Structures are given as structure tokens and as C-alpha cells.
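Colleague: Sharing the feature lines straight out of TrEMBL:
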DOMAIN    2-375  domain 'Amino acid transporter transmembrane'
TRANSMEM  20-43  transmembrane segment
TRANSMEM  77-95  transmembrane segment
TRANSMEM  115-132  transmembrane segment
TRANSMEM  144-166  transmembrane segment
TRANSMEM  178-198  transmembrane segment
TRANSMEM  210-232  transmembrane segment
TRANSMEM  252-281  transmembrane segment
TRANSMEM  293-312  transmembrane segment
TRANSMEM  318-339  transmembrane segment
TRANSMEM  359-379  transmembrane segment
């Protein structure tokens, strides 16, 4: 919940003003709610009226909803959406790595795209990762680095409290910029694709709802505090990646920490995406190609894909807004509410049905508008 993309939240406040603060809180509440109803779809009542876990993954839920149309249709849609979201995340890590290196060494005559290629070279060993054991160790280091980054940036912002002014917040908004901000905020909360696995591996699954409440609460508090202090410090000068606003004596230190975090974060979504694709391909693979070679080919292909995409879309906030509007909204709002209505319709109260329908409609409108505006922003950025 507290990934590197939290760095785009102050920039989102620049374009959304006071409403951005409300959006951060509202997104936390809605994501927490859809996380709960998604997990509810894993369970069915047995003959004794007790809830039993009959499904294990997001894919299983989708297949159960679409079994009358096609036994595998729902799972295919979910898998494609998951892979797109995970790959977009990997691309963003490369984009932000190039941005960080470029601003850390401004006097080196190297373009931002070239820096992304240099960062990419350090990620080549990812093609040899076969288990989550290595990924989990990298994620632990990533969390420690993230804590240091947030602490340093927030501490510096607090030292500038004498120049804070609420007048920096906009009362009038540009509608298109506001919609891009919605995508950025949504993307900073997306975690639904990991929830079924997380709940299934909990020692006490009954505590999942409580855990979800507390994690989203603290994530909301931390995101709001970080975004607010950073925006009040720099106001209209707030940049896409907030560390670009730091003074030179801190910028290089924090940027190198962020670079470390980005590179350590890359293996998790990369591994998850390649595992999904590899499992789908291997199910229907009847050739003489050995599975290890097939897996290696998938990982190499995806690694190169993320590099190529990073080269063509070097705009951190716009790309994050697009990802949040398309895959983030689908996995976080649209599909959980739709699946919950489909599987639990007869057992839902009127208010629960209204809540699910409202979340679906809101998610659809935000997704549609945010997608159009993000694409338009990217086209304008390319001239």
C-alpha cells in the first residue's frame, strides 16, 4: 500500500486541490470495502450454514461468475488485466529509475532514456529468479529503504513549516488534470490482486477484515500526511516526482535511495506477471520445448517489453494515471463489485446491493474519464 508511487501524490494534489485530500481518504475507504467483498466471493455457505473457502484466487472468482458463458472466460479477462497492471508497474519502476538517475547526475551528458537503459542492465538477473524466496528478501530490504526515504522527505518538509500556506491549494480546478489525479491516487492503493493469496496464507483468516481496516487506515494517514506536507512546502512548483524538489544536498541522497527501492521493487511484479503468463502457456503447451527454457523465454520477453515501453513513455505521473484509470480501477472497483453482485445477489441486503452498484458506476466513470484524459495528456506530451 505504500509503494514508490506515493511520490506522485503531492503532484496529484497540485491538480486536484482540496478535493485531492478527500480523494485520498475516499479511495482508501472504497479500496478497503472492495477488498472485503472480493474475499467474501471466495466463500460459500455449506449445509450447516458455515462459510467454507471454495475458491483460491481472483481467477477462480472470475471463472465462477462467467461459467455459464465460458468456463475460462472470466479467468482470462482477470489474468490479462493482472498482467497489464503488473507490467505497467514494472515499466513505471524503469521510468522513475531513469528520472532519478538523470536528476542525481545532472552534469553527466546522458539522457533520461539512457539512464533507464543503465538501470535496466542491473535488472537482467531477474530472468533467473524462480521462487518467491528471493523476491521476499528483496522486498524486505525495499521496505527499509522506503521508510528512510519517507522519513527524510517529511523531516525536511517540516523544517520548512514557516513558509507553508493553505493559499497554495486551488479552489478552481482543470477538469482533465483532476481526472488524471484520480488515476494517480487510485494506483497508489491498488493491492486487490494480492489479497486472495494473502488471506489464504494468514494464520488466522478470520482477522483479515480487521487487518484490512487498519492497513488502509494507516496507509491513508501516511499518504495524506506525506502528500500534504510536501505540497504545502513547494506549492505550484511541485514536480511529478517530489524528490526533484529537494535541495541538491538531499536530492542525490534520497534519489539514490529511491533508485535502490525501485530496483528492489521491480522483481515482485515482474515475477508475478511472468508466473501468470507462464502458467497459462504451459497449460496448453504440447510442444517439445522444455519448461525451463519456456519459462526463461517468457521472463526475457517481458523484461525487454518493459524496457521498450519505458523508452516510449517517459512520463511518470501521466503513465501512473493511465495505469490507475485502466487496470487499477478495473481490479480495484469494477470487478470486485461486479463479482460480488453476481455471486451473492440473493443474500445481499438492499443497502449492500446499492453500495456495490454505486462503487461499480463510480469506478466505471472514473476509469473512462481518467483513461481518456491520461491518453490525451500523453499525446500532448509527445507533441
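Cβ from N, Cα, C; glycine included.
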Colleague: Could you tell me what the rest of the chain brings near the transmembrane segment (20-43), counting residues at least six beyond its ends with Cβ under 8 Å?
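Modeller: Residues 9, 12-13, 51-56, 58, 60-61, 64, 181-182, 185-186, 188-192, 195-196, 199-200, 208-209, 212-213, 216-217, 219-220, 223-224, 227-228, 332-333, 336-337, 339-340, 343-344, 355-356, 359, 362.
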Colleague: State, in range form, which of 115-132, 144-166, 210-232, 252-281 has the highest count of Cβ pairs under 8 Å to the transmembrane segment (178-198).
Modeller: 210-232
Colleague: What same-chain residues lie close to the transmembrane segment (144-166): Cβ under 8 Å, and 6 or more beyond its ends?
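Modeller: Distant Cβ neighbours of the transmembrane segment (144-166) are 2-4, 6, 222, 225-226, 229-230, 232-233, 235, 242-243, 246-247, 250, 253-254, 257-258, 260-261, 264.
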